[in-house]
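Chemist: So TrEMBL lists the following for this protein:
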COMPBIAS  197-210  compositional bias 'Low complexity'
COMPBIAS  218-228  compositional bias 'Low complexity'
COMPBIAS  238-261  compositional bias 'Pro residues'
DOMAIN    12-108  domain 'OTU'
REGION    191-261  region 'Disordered'
Amino acid sequence: TCVSPPAADQVYGDQDMHEVVRKHCMDYLMKNADYFSNYVTEDFTTYINRKRKSTCHGNHIEMQAMAEMYNRPVEVYQYGTEPINTFHGIQHNEDEPIRVSYHRNIHYNSVVNPNKATIGVGLGLPSFKPGLAEQSLMKSAIKTSEESWIEQQMLEDKKRATDWEATNEAIEEQVARESYLQWLRDQEKQARQPRKASATCSSATAAAASGLEEWSGRSPRPRSAAPSPEHPGLHPETPGPKPPSPGAPPAGKPPSPCAPG
């Protein structure tokens, strides 16, 4: 392909802007036709019109124009670490060069230094610092990542708290249910105990009453007036008082204390 995509990649950070680079390059060549026309064998206007087409490849004339436009050297590499050709700008500076690799005499690739920013260099932007946009984007990405991580952790904490609360509620509900069932069992047990004691007392009272009625219904054994063969001298009846003797004086009343002497 043309050299425009590698240049767009290192100047704008986007190879899809190669049409912009191509247009600027052709416009620069036309403005400086008195100089660059000396390096073209065909009609210069015809050459510019042909090079404006996206299907036409660029060469060393376009590379020199880009070096002057962006005031950055253009280094060409081919299967090595040293450039085979270098195109310099009008003014010498310490800006990072535009590096391209040349393959099979038809193709250019972009070669970048990952440790040094090059995007935006040569655009003439005031107070522009190479790599500042990348640093800002990196800081923004880190901040977004941290915020996302914090939000994720908060969400996980809420999930764990929700699970803990649900588990705790289930445990409390189970404990309350067991406590209520135990209370019901205790109440039922206490309700059965008075009925059992009352039934026992009733049974004892009924047994005692039955025994008393049975004892009362029995007739006492009659006693015989005859003396017992074992004790012939004993009589069942107690002898009454003996009659007075015929010669004994009758018993008189004792004298009254009020009678005269």
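Each residue, glycine too, has its Cβ placed from N, Cα and C.
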Chemist: Kindly report the helix/strand/coil residue split of the domain 'OTU' (12-108) according to DSSP, in that order.
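Modeler: DSSP classes over the domain 'OTU' (12-108) add up to 43 helix, 15 strand, 39 coil.
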Chemist: Please give the average pLDDT for the domain 'OTU' (12-108) in this predicted model.
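Modeler: So the average pLDDT across the domain 'OTU' (12-108) works out to 89.
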